[in-house]
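Asker: Please find one structure pasted underneath; my questions will follow.
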Amino acid sequence: MNTKIYRIRLFVVLSLIPEVLLSSCGKTDNPEANKRDSKGNTVLMKAVKEGNVDWVTELIKDGARVDAKGEDGDTALMLAAENRNTTSLKALLEAGADVNIKNNDGRTALMLAAYNGDVESLKTLIEAGTNINERDSKGYTPLLRTALLGKAECVKVLLEAGADANVKNKDGKTALSFVAHNGDSESMKALLTAGADVNAKDEDGETALMVAAFYEKTKCVKILLTARADVNAKANDGRTALMYAIGPYSGHDRGECMKELLAAGANVNMKDKKGNTALMLATRYNCTNCEKLLREAGARE
């Protein structure tokens, strides 16, 4: 064979390889696929926001950059998570979208799916290998934020996937404290089962029991006491859960949480750093029912 002709043929074959590979992947390099609007958002982002899965698929085939960021640092994957567009989210992941990339607020697609209570997208992103304990710019993990927002199903999914049940935000607050505030008993049970520290304190020395008592979440108070929460633990100012149970509102009568605390052995005569007992606070805030319960339990003036 003529060596010169052979080399020419080999060169032609090799030069066609990139085109053949690109064709086999179903992708082309169409500049229109990466056009941006005046705010810097791509056509792919627009397609995701509109929930147009066919358009999303076509843009990916046309070479749309799946990890391109828009004006807020959001990627198409983040927008899919934020808009509960699971089908587009899966297509983007299959196209190689970075599951751990962050926007300007330090949030990942997992965080956005969690914040919106999108369980299906949450599971899909977890399966794709996202960092489940990543923090946003405010120090919140997906678990902390879902607990704060009362997304019980998402809390359970995250815990089952190995989320840290004892993680704290910048103020030292835990997921258990947030669900105590919301009265989310189902999430509370899941957190305790996952090993959440029932007596963990925030920067103010408050425990989940104090929070639940303050917001009159009786069911949560019962759950926490059953989990051996310290009924006589003190916050930084010396107040106990019994004092928190009185609440801050003059004339607002309470008592159900107090009954549970007293039954669990709360010390009725403990004092805070200002020398106040629970009875003094009950009198000050005109909580007559609390006064009655405390006196019956042996509280002294």
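In case you wondered, yes, glycine gets a Cβ from its N, Cα and C as well.
A TrEMBL annotation is a machine prediction, not a hand-curated record.
According to TrEMBL, the repeat 'ANK' annotation covers 39-71, 72-104, 105-137, 138-170, 171-203, 204-236, 237-273.
Set these features in their place in the structure for me.
Answerer: Over the repeat 'ANK' (39-71), the average per-residue pLDDT in this prediction is 94.
Note: the repeat 'ANK' (105-137) comprises 16 helix, 0 strand, 17 coil (DSSP; helix = H, G, I, strand = E, B).
For the repeat 'ANK' (138-170), the DSSP-based tally of helix, strand and coil residues reads 17 helix, 1 strand, 15 coil.
Sorting the repeat 'ANK' (171-203) by DSSP state (H, G, I as helix; E, B as strand; all else coil) yields 17 helix, 1 strand, 15 coil.
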Asker: State the residues, same chain only, that lie 6 or more residues beyond the ends of the repeat 'ANK' (72-104) and have a CB under 8 A from a CB inside it; answer 'none' if no residue qualifies.
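Answerer: Contacts with the repeat 'ANK' (72-104): 42, 44-45, 47-49, 51, 53, 56-57, 60, 64, 66, 110, 112-113, 115-116, 118, 120-121, 124-125, 128-131, 134, 136.
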Asker: Taking DSSP states H, G and I as helix and E and B as strand, how many residues of the repeat 'ANK' (72-104) are helix, strand and coil?
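Answerer: Looking at the repeat 'ANK' (72-104) with DSSP, the answer is 16 helix, 0 strand, 17 coil.
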Asker: Six or more residues out from either end of the repeat 'ANK' (237-273), which same-chain residues have a Cβ under 8 Å from its Cβ atoms?
Answerer: 204-205, 207, 209-214, 216-218, 221-222, 225, 229, 231, 279, 281-282, 285-290, 293-294, 297-300
Asker: What is the number of residues in the repeat 'ANK' (39-71) that are helix, strand and coil, as DSSP sees it?
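Answerer: Its residues fall into 17 helix, 1 strand, 15 coil.
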